[in-house]
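Over in Swiss-Prot, the protein carries these features:
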BINDING   Asp18, His19, Gly20, Lys21, Ser22, Thr23, Asn135, Lys136, Ile137, Asp138  GTP binding site
DOMAIN    6-188  domain 'tr-type G'
Amino acid sequence: MANKKRNVRNFSIIAHIDHGKSTLADRILENTKTVTKREMKDQLLDGMDLERERGITIKLNAVQLAYTSNKGEDFIFHLIDTPGHVDFTYEVSRSLAACEGAILVVDAAQGIEAQTLANVYLAMENDLEIIPVINKIDLPSADTEKVKKELEDVLGIDGDDVILASAKANIGIEEILERITEVVPEPAGDGEAPLKALIFDSLYDSYRGVIAYVCVKEGSIKVGDKIQMMATGKEFEVNEVGVFTPKTVVKKELHVGDVGYLTASIKNVGDSRVGDTITHANRKANEALPGYRRLNPMVFCGMYPVDTNDYNDLREALERLELNDSSLQYEPETSQALGFGYRCGFLGLLHMEIIQERIEREFGINLITTAPSVIFEVEKTDGEVLNIDNPSEMPDPQVVEQIREPYVEATIMVPNEYVGPVMEISQKKRGNFIDMQYLDDIRVNVVYHIPLSEIVFDFFDQLKSNTKGYASFDYELIGYQQSNLVKMDILLNGDTIDALSFVVHRDFAYERGKQIVEKLKELIPRQQFEVPVQAAIGNKIVARSNIKAVRKDVTAKLYGGDITRKRKLLEKQKEGKKRMKMVGSVEVPQEAFMAVLKMDDN
């Protein structure tokens, strides 16, 4: 048993987006002969269609590899692949909790970027052994010496420890594998102690129920064992355990340090919580493993099925997605404009887009989503404090004492020639300048405190387009601050459309109102009658525009003839339109709900 544990190595790969993490994982699978040449395809571990299309990793993945070192020792590796995007930090923290080591991949041409730093700090918090790798050294623009110096200066990593590699050209992979055997510690844990296994992910299979991905920290688990979930106290009998070599391979038993899966006829999605500890029902562990901190969503939006009959299917889809995405939150809500739907909370805009696309693809439900918003703290004149994530629920301005909004600390890394544009964008977004550090002759780290509601819209897009794509960006919540905010309502044909309401700073309200009214005028199709589009704060209209009516030429059949006859027909048409306007309702396309997002600041 001791021998079994001695040669297990659990590690993950951390990197900024596009620094070659998934390609390196592919090479490691190839070089350890885990996957044959015939089965190999790019981004092998990114199983979701979405991941392959966008070229990003969204879900973490775990694979078992067998490796024989140059000294002839046999090892079992567990590689846990992690996402690099700021929205998926929780996926990274979950996978790092199951490891003892991390390969830090840095692009030889790009150098250290904001999310590289964020992930390294996470790894250091988890006391992981870090193996630094400079990737893409075969690129013409590679500057390995500069990147080595950056690693030394910024992260305090010894330049001599850095492995130079190119995952694409298969350079340095062997050295990385050898280094893992030398420096990554074996999993600490007692094989004879009561079982403690951490659930770090799970998915739902309609035949087998919930499949839990587990990392065994102490004890062992085999088919037929009675297990208990420590958070819920529910008991189950294990009917299958196994590991992934990306394909699932059934095993008799999982030991200390193993990363694999188990099924136990768990039919209810809520019974297998990510971050929970599994133990034996008849020989319980004294205390649960420290799980994951529950992440609070930062961005909210309404999701409504286009076809109202899909409402229950949408609930089921959200339940399934919540199973392995613990940061997704949702609750039912109704809108006068859109009917029944859900108010959903996400970690960021990319997270929101991905969930929306997964619902549309995997469950075939057409959605209308409203523009995203954040949680505002509203203090009323009677002292009551409300947390409001839906702008249409903002109380009347007369009863509001003050509104506080969430602020984030934004860390922006950028080449020094673009510091000007970055500061300009940040100031425009109501940011407060905090700090600026030169990492070397070329790269600058700029820190701002910015309201989250400004970042939610198009901050990242503007940052990228004004720095030719060179800026990288990471942010974390720092708390709430009072701001002079107002709720803006949009009226179509005199009716308030609740799903189009948004919260805006009073200084920009007039300008924003004008922009959105013009935008909606372009997006909403012309009706048979004239439709006024208005933006209002409370009872005060701040902007208005009219969508002109489509006019049928009623006089076409007249030939020459009398002007009074013409007038009579036009009067008759006008009467008809008046009637229609009273009963007419305006069709609003999906683009109109997102118009709030696409405001150009020019």
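Counting starts with 1 at the first residue shown.
Every residue, even glycine, has its Cβ placed from backbone N, Cα and C.
Neighbour density around each Cβ, counted as other Cβ atoms within 10 Å, peaks among the binding-site residues Asp18, Asn135, Ile137 at Asn135. Of all Cβ atoms in the protein chains displayed, 25 besides its own lie within 10 Å of the Cβ of Ser22 (GTP binding site). When pLDDT is averaged over the domain 'tr-type G' (6-188), the result is 74. Long-range neighbours of Gly20 (GTP binding site) (same chain, six or more residues apart, CB within less than 8 Å of its CB): Val105, Asp107, Asn135, Lys136, Ala167, Lys168.
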